Amino acid sequence: MAANTTSPAAPSSPGGMSLSLLPIVLLSVALAVGLPGNSFVVWSILKRMQKRTVTALLVLNLALADLAVLLTAPFFLHFLARGTWSFREMGCRLCHYVCGISMYASVLLITIMSLDRSLAVARPFMSQKVRTKAFARWVLAGIWVVSFLLAIPVLVYRTVKWNNRTLICAPNYPNKEHKVFHLLFEAITGFLLPFLAVVASYSDIGRRLQARRFRRSRRTGRLVVLIILAFAAFWLPYHLVNLVEAGRTVAGWDKNSPAGQRLRLARYVLIALAFLSSSVNPVLYACAGGGLLRSAGVGFVVKLLEGTGSEVSSTRRGGTLVQTPKDTPACPEPGPTDSFMTSSTIPESSK
């Protein structure tokens, strides 16, 4: 996470103690919930899932991205507790670079999930051909490469500097044009464009599902939608504040004015709030698992994701595409293991 974010105010600064308390609480909750939760998801997929579906690979990489950013939380907690940055400039840049990579990887993975579902509904037979693990691995590799590249500005602008007799890890822009560029670049590439693609995908899905009778469409994409909404809820305020800051910078308003100070205070909290987005997904998996959590125990993640790879056959009936899982009755009742991406999709075969 990057752009014009500065580390939360030092506890030794005026009003800093109360300001630092909420970020400390949010970071601690994110670390306590997200670190074991995402580790459990990674362990479940790598150790307990014999045949990993494309969806499982996407979820695995999303959990890895979340783990990466959560591993930086102790450094920020140390800063909040001590009131000064103790990990030199290299630590400053690396911590924020990892946060930037994680943010981009997460939003790109969520976008791919949405596009995958849209393709499966709009072009099910094409989806069957391209939705293979080999192709998915190439896509995932591309996502990580792009994420590393998009986060490079953090390495360029981040530095350690003195502020009120304390060392802070903060951006250092040569001029206001660089600041505006970085703020807008992060908001557009890290949120606006990906979520336009997500909205377009689900608008197309909704339109097509109204015209076609898909099996189990009621459960289609439930968990993916929850993941998208959670990510938007945690990151939209952060990007909105950065856009406001960019506008104020272009207008030449004083950053030390009361409004500018309130904007900085809001950003301190929103940075910590964004960390919670990396801890919420395992909670969503548990909620979406329903009865699986009770029946399958620690294997509920595997059971939840196994449904995303069930084979589906497609036929035309009266001009309408009807998809029926193989080896199941023509009109099966939705079970607890119905996938969150496979309903009305042709899953990966030939893996």
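Placement of Cβ uses the backbone N, Cα and C atoms for every residue, glycine included.
Relative to the membrane, Swiss-Prot puts LEU21 on the same side as ARG264. Beyond its flanks by at least six residues, the transmembrane segment (94-115) meets 1-2, 5, 55, 58, 61-62, 65-66, 68-69, 71-72, 75-76, 87, 139, 143-144, 146-148, 150-151, 153-155, 158, 169, 186, 189-191, 194-195, 197-198, 201-202, 224, 227-228, 231, 235, 274, 277-278, 341 of its own chain at Cβ-Cβ distances under 8 Å. Within 10 Å of the C-beta of ASN164 (N-linked glycosylation site) we count 12 further C-beta atoms, all protein chains included. Sorting the topological domain 'Extracellular' (78-93) by DSSP state (H, G, I as helix; E, B as strand; all else coil) yields 11 helix, 0 strand, 5 coil.
The transmembrane segment (223-243) shares the most Cβ pairs under 8 Å with 269-289, out of the stretches 22-44, 180-200, 269-289. Along the topological domain 'Extracellular' (78-93), the predicted structure has mean pLDDT 93. For the recorded site, ASN164 (N-linked glycosylation site), the DSSP three-state label reads coil.
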